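K.L.:
The annotation domain 'Thioredoxin-like fold' is assigned in TrEMBL to 1-75. Summarising the annotation, TrEMBL assigns disulfide bond to Cys10-Cys13. Summarising the annotation, TrEMBL assigns active site, nucleophile to Cys10, Cys13.
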Amino acid sequence: MKVEVLGSGCKKCTNLAANIQAVADAMGKTIDLEKVTDMGRILEYSVMSTPAIVIDGQVKTSGTVPNDAEIQALLS
């Protein structure tokens, strides 16, 4: 499963990436996590608010920081 965190590199984006990895580890799920800060790549997904989570090429959240339970649901 490829998971991308789209954002400017701000603290929220960095923390979100760390939380996603921690939740995946707790679930025993292997993910390919990438932090995307390039605005060109972010705009390819038509994302206007960051942070955003993209899983296997599909935008799942944008403009919010989901809690651990919400992240777990996204990774399930």
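Using N, Cα and C of the backbone, Cβ positions are placed for all residues, glycine too.
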K.L.:
What's the most sparsely packed of the disulfide-bonded residues Cys10, Cys13, counting other C-beta atoms within 10 A?
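P.N.:
Result for the disulfide-bonded residues Cys10, Cys13: minimum number of other Cβ atoms within 10 Å at Cys10.
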K.L.:
By DSSP assignment, list the helix, strand and coil residue numbers for the domain 'Thioredoxin-like fold' (1-75), in that order.
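P.N.:
Once the DSSP states are binned, the domain 'Thioredoxin-like fold' (1-75) shows 31 helix, 19 strand, 25 coil.
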